[in-house]
Amino acid sequence: MSLFDHKITELKQMIHKKEIKISDLVDESYKRIASVDDKVQAFLQLDEERARAYAKELDEAVDGRSEHGLLFGMPIGVKDNIVTKGLRTTCSSKILENFDPIYDATVVERLQAAEAVTIGKLNMDEFAMGSSTENSAYKATKNPWNLDTVPGGSSGGSAAAVAAGEVPFSLGSDTGGSIRQPASFCGVVGLKPTYGRVSRYGLVAFASSLDQIGPITRTVEDNAFLLQAISGPDKMDSTSANVEVPDFLSSLTGDIKGLKIAVPKEYLGEGVGKEAKESVLAALKVLEDLGATWEEVSLPHSKYALATYYLLSSSEASANLARFDGIRYGYRSDNADNLIDLYKQTRSEGFGNEVKRRIMLGTFALSSGYYDAYYKKAQKVRTLIKKDFEDVFEKYDVIVGPTTPTPAFKIGEKTSDPLTMYANDILTIPVNLAGVPGISVPCGFADGLPLGLQIIGKHFDEGTVYRVAHAFEQATDHHKAKPEL
């Protein structure tokens, strides 16, 4: 049995009872990485020297002081688009190949304040653009359940590392499903918080109105621990919400009697696989047995979500990625004779194909002749999608459906057709457009690959999302399954 099979509360008790040292946890992480990461390919950089030194320092603090952080001694992996001082942050892109940040992201500072131990940086789709982690400039991460399949994306490294037992917890980011989809594919728990719940300061921007950092863990309880540690307003991020952070752990009561669940017919319609539908219906039966009720509803504008998302996110990306020009930091081409050529060559050589595709789409949507027809119209549809959610939440507590239409697909299966790749996010994208919280929890298997149940809540009501997710988790054994590597 791995130490990482224990929850945070159990590990902290073991530390304080002197049954284990924090150094043992860090050892376990690096030994497991050495054992399996050549297969899984989840990590890009390790911070072993600093992590071991910090673990030793924390070991001395067990008796040395009475107050300890919320994540005292817990090893964690961080997605490589979250800046870490003294540890390279590449966004899995050639253009940031040697970028060494001079400051920590707010979430990293909050992890440090909670006394977590950063193990290293995790692979991802380049600039978080992708659904399979095949778009990394460095390596393709594999799904620990079947090494021939993708782990999902863009936080594929974050989900795969937790599923493979390399770290017990990780941070990812979610712009259109990039935490929930890989969590579903890898059989772990992943939450996209309400937009504004967690500071984005130090998160390299893809689409600023959609991006949100969140936790990936083995259990719902651990997920709530991590969100507790990283949430809250931040003066460095004007989009962080000035709202009180509740005690998320107090929501994990197991009691969902009388709770009203909405199931959108669009989430079980055409394009959603038989196994995904069956697993959701089985999950709804579990929730019914626990005292909740459910009804079918409609989110009528969901059918426009995919097109709306790719217009808006690509438009924001084209603006955000304009800063990577070869002048201030990052890769600089040697094949240029003048400034204009330097910009062209640096960006052509430094960005991968998917990033360039989205920059071009965004630039087109924002161009003067097409702005009203594309970008402005997409913003109007986004408002309608948000209104759909608000209407449903007037009557219901949560929305439930599959996280993804199918389990993980084969590596290379969708890379030649971007539209089939994009369609994989069809059930997660509306949550980002509406800015509401959503979690994926394991709910079954298809052909030996995990499936995820998506639970969506009202703005800033992660507590109810956790309550339902935890009740379901405790009534089932799906989260206990582990891949064999």
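Placement of Cβ uses the backbone N, Cα and C atoms for every residue, glycine included.
Feature list (source: Swiss-Prot):
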type	residues	note
ACT_SITE	Lys79	active site, charge relay system
ACT_SITE	Ser154	active site, charge relay system
ACT_SITE	Ser178	active site, acyl-ester intermediate
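In this structure, the active-site residues under consideration are Ser154, Ser178, and the one with the smallest number of other Cβ atoms within 10 Å of its Cβ is Ser154. In the structure as shown, the Cβ atom of Lys79 (active site, charge relay system) sits within 10 Å of 31 other Cβ atoms.
Between the C-alpha atoms of Lys79 (active site, charge relay system) and Ser154 (active site, charge relay system), the distance comes to 9 Å.
Comparing the residue listed as 'active site, acyl-ester intermediate' with Ser154 (active site, charge relay system), their Cα atoms are 5 Å apart once rounded. Classification of Lys79 (active site, charge relay system) by DSSP places it within a strand.
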